[in-house]
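Colleague: Take a look at what TrEMBL says about it:
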TRANSMEM  21-48  transmembrane segment
DOMAIN    22-200  domain 'Major facilitator superfamily (MFS) profile'
TRANSMEM  60-80  transmembrane segment
TRANSMEM  87-105  transmembrane segment
TRANSMEM  117-138  transmembrane segment
TRANSMEM  145-170  transmembrane segment
TRANSMEM  176-196  transmembrane segment
Amino acid sequence: MNTKSSPAGADNTALPAEVKVILTVLVGSALVMFLNETILSVALPSIMEDFQIPATTAQWLTTGFMLTMAVVIPATGWVLQRFTTRQVFLAAVSSFLVGTVVAAWAPTFGVLLTGRIIQAAGTALIMPLLMTVAMTVVPANRRGSVMGVISIVMSVAPALGPTVSGFILNHFTWHWLFWFVIPLIALALVVGLLFVRDIG
């Protein structure tokens, strides 16, 4: 308690364990989702060949994802005001997981596009949720470092997408770009079910 009287001590005050777990789950979920955002870029030629579609059609896998995020993100403020942290987290991660399973299984381009749109809806929810939770539970003197970590996730994860995609495609089909993501996001969902509590 004495550390509160010292600015230097306050800077070094550790976050509560529960807060660390919640932030770790949210940051980890965001990392997987933003990695997924660009993971298909290298796979488009393979998808075009499999489904016998032109580049203009295949590009909708990226365009549809971005458009869905553009539509959903403005609505997240309303969502966060009317639902609890836990409810929004479970909705975001569950929808992303469902979309990923649909995309991994996709026998047609239409099914694949549907999976990507469902993924995008979950992705659009997780980032505003992460920022809101961070601003709520992290003390003002620690927000800089926490926001720095979040910024790294936002910038590095999409940049890693094509590299991860290229590695997977060297050994497996494009379906494995999604099968690879499923256990990661499923783990985040299980940990979130156990540890994420309502923040207010």
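Every residue, even glycine, has its Cβ placed from backbone N, Cα and C.
TrEMBL entries are annotated by machine, without manual review.
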Colleague: Are the transmembrane segment (60-80) and the transmembrane segment (117-138) close enough to be called in contact, which here means at least 3 C-beta pairs under 8 A that are separated by 6 or more residues?
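Modeller: Touching, yes - the transmembrane segment (60-80) and the transmembrane segment (117-138) meet the threshold of 3 or more Cβ pairs under 8 Å.
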Colleague: Which one, 87-105, 117-138, 145-170, has the most C-beta pairs under 8 Å toward the transmembrane segment (176-196)?
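Modeller: Selected stretch: 87-105, with the most Cβ pairs under 8 Å.
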Colleague: Compute the average pLDDT of the predicted model within the domain 'Major facilitator superfamily (MFS) profile' (22-200).
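Modeller: So the average pLDDT across the domain 'Major facilitator superfamily (MFS) profile' (22-200) works out to 92.
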